[in-house]
Amino acid sequence: MSSSPLSKKRRVSGPDPKLGSNCSLAQSVLSEVPSVPTNGMAKNGSESDIDEGLYSRQLYVLGHEAMKRLQTSSVLVSGLRGLGVEIAKNIILGGVKAVTLHDQGTAQWADLSSQFYLREEDIGKNRAEVSQPRLAELNSYVPVTAYTGPLVEDFLSDFQVVVLTNTLLEDQLRVGEFCHSRGIKLVVADTRGLFGQLFCDFGEEMILTDSNGEQPLSAMVSMVTKDNPGVVTCLDEARHGFESGDFVSFSEVQGMVELNGNQPIEIKVLGPYTFSICDTSNFSDYIRGGIVSQVKVPKKISFKSLVASLAEPDFVMTDFGKFSRPAQLHIGFQALHQFCAQHGRPPRPRNEEDATELVALAQAVNARALPAVQQENLDEDLIRKLAYVAAGDLAPINAFIGGLAAQEVMKACSGKFMPIMQWLYFDALECLPEDKEALTEDKCLPHQNRYDGQVAVFGSDLQEKLGKQKYFLVGAGAIGCELLKNFAMIGLGCGEGGEIVITDMDTIEKSNLNRQFLFRPWDVTKLKSDTAAAAVCQMNPHIRVTSHQNRVGPDTERIYDDDFFQNLDGVANALDNVDARMYMDRRCVYYRKPLLESGTLGTKGNVQVVIPFLTESYSSSQDPPEKSIPICTLKNFPNAIEHTLQWARDEFEGLFKQPAENVNQYLTDPKFVERTLRLAGTQPLEVLEAVQRSLVLQRPQTWADCVTWACHHWHTQYSNNIRQLLHNFPPDQLTSSGAPFWSGPKRCPHPLTFDVNNPLHLDYVMAAANLFAQTYGLTGSQDRAAVATLLQSVQVPEFTPKSGVKIHVSDQELQSASASVDDSRLEELKATLPSPDKLPGFKMYPIDFEKDDDSNFHMDFIVAASNLRAENYDIPPADRHKVRGI
């Protein structure tokens, strides 16, 4: 499932959505594209320069250090057919130092089946030279050059990573030996119709800094034994999640202080809450507390060269239902290379003579293989199928293998994530018809058109069917762009009667450019759907695409009505939230339409194919609910930065959005109070008190009033409330069982003292005051010195903790208290609220949280609010990048 949906700029108005935009409009949009800047490329390669606006999403996955290593790596991509251009596209978007494109061949009709940067007018031209300017547009920080000479050693020496595609085995071995001897990392990728192959050699001493990219785990300690080895027990709130062989460090341990700040210790897991460490028998006695944190320790991994690994391969499984397939294909691909070397071409599609010859070559390869590789029973039927489709060139297979290969390049450059060790084979033979007689050599002959690479695998009949398909693509983000490109390449909706309708209400933002490859810097602020449609029309002018800007939901069912759905052949979701996915799933179930569902999260992805009457629907199964943070933990007892961040996020909503929305409803809806009083528990009191504060007690008239409010609110949250909490539960408080109250997951806080010279304190006031002013339509200020001067005259009332104030220790207590309602207080509020008649024309302006705009004070408030609360509770703070990622 993809991450939770972002709040984005949206457009809901525009031309008649039934009409949409067609390819003519798309062509005109693209004609406005300016030439690619040739300067501004120098930043990649400077370790201090990372464009966080462009690479923000990638930085969440890689981190800054890995990104810096990536930016110092020059990469060669050899072979610019469909697979090569897919790899080049991905690594250019990723932001390596420089990319060189190598190809000595010219564009052929069959290349257009998957090479999305070749045009029909490019036939006969060098593939690298034609692709270079189009790939260079993807990222102005990455210089892209074309090279058409031979792969000699002096040339290869300039690169940190070499990628070979569409290369004869003889050349792979020659380049592979040179790269291995010089420490140059090598990726070999190949696709043959429905088959794919990937090989990695990153040298004998690659340093892997992080094998999985996950955030380091941490847990709270409840006990450590004095033993050899010592056994650590964690609080039973949640499993520790560690694995044997992990390294951990300790902090805040009381008593057994020898553990604090020690070198990382390797552990052995004993159970979900326990693990063993080093010899602790001579350490001090454990008293209480402590945090154990996972430490990512770099490790060295070694790869065999291509020639050595070819003889003694290690395979990565992609399908455990095809357990023996990799070894069989290892033999088959070697035989295929021999066939191509002897004939200067792959086996002809569905040609029995060529298939028989390939089987014979495979048998010979198998006979010469070492015992560890040699197959007792060579799968001749599999080799024959390889021969049948080897001449094919399929965009979806290239997209898959190319995506994997590009990911391996990024691993090689960054040292992050475990590489493929060392061979990966893939096939999608399930795509072929079950009727073996359905495809013949005649049906798979080339026709000198852009679909020859696909016809070689599936025949001309399927190509005609694809052209007539009508599909609805919902979303034009990262997945939507890739789907649209693949649809254009395979000819979906490109024939008479075919059509693709795409809808996306969003506009393009800078952060989109790193992964939504149909968009360019000059497209920022334009509509995604229109721009994506224009881009794919350049890739395949025959595609019939209509772009809309509508949200899918009940409010657009007049547009996407019975007639619309009944005419569709299928739906593809490219959405970023579960609610929209479930809505589209219901519509597809109702109209009995196939649904292609997909999502991404970092380096992870998922695909679900929903076929009426054959598979379960998307909504038929659900992911386990994410564990929520208890309310009392957020309100009074945080122990992790995630808790303070969630608290800050709730603060944002509770200060700058919900009160303004409630005030506007109160002023415009005569029945607002009546409806509010019907809410459950303490909600009526909370809502009406917020309305009273906004209209009476805290309503500002000037910018200075907003600064005063922000200063008072700072003292309430980070000083007064903490002092009240410590008044109720002093640091030496004991529980009814005699145990310290402030122990285990409860961290004892301390109040803060406001200091205008503390940048974090001033950050909070600046952000809070500007946001508060915005909700009232007042003009704020970014002048920190002027705000600091205003703060010197703010009078902060003295605070004295009160007795009798109830602070709930558990959510159960909170729920019990919520059942009682203070009716007298409600009546008092009703009586003191000003009449809407006395506020003619007044309105407030609710703020929707937007984390990607650094000028709007939203992230400034979250970072400051969270880190101040973290300081209250002695929790390590988080920088802006980490806050965004969480």
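In case you wondered, yes, glycine gets a Cβ from its N, Cα and C as well.
For CYS632, the entry in TrEMBL reads active site, glycyl thioester intermediate. Neighbour density for CYS632 (active site, glycyl thioester intermediate): within 10 A of its CB lie 16 other CB atoms from the protein chains shown.
Broken down with DSSP, the domain 'Ubiquitin-activating enzyme E1 FCCH' (227-296) shows 3 helix, 24 strand, 43 coil. Per TrEMBL, the feature domain 'Ubiquitin-activating enzyme E1 FCCH' maps to 227-296.
The annotation domain 'Ubiquitin-activating enzyme E1 four-helix bundle' is assigned in TrEMBL to 297-366. Confidence across the domain 'Ubiquitin-activating enzyme E1 four-helix bundle' (297-366), taken as the mean pLDDT and rounded to a whole number, stands at 95.
Among the features that TrEMBL reports, domain 'Ubiquitin-activating enzyme SCCH' is placed at 638-884.
Summarising the annotation, TrEMBL assigns region 'Disordered' to 1-23.
Summarised by DSSP class, the composition of the domain 'Ubiquitin-activating enzyme E1 four-helix bundle' (297-366) is 43 helix, 5 strand, 22 coil.
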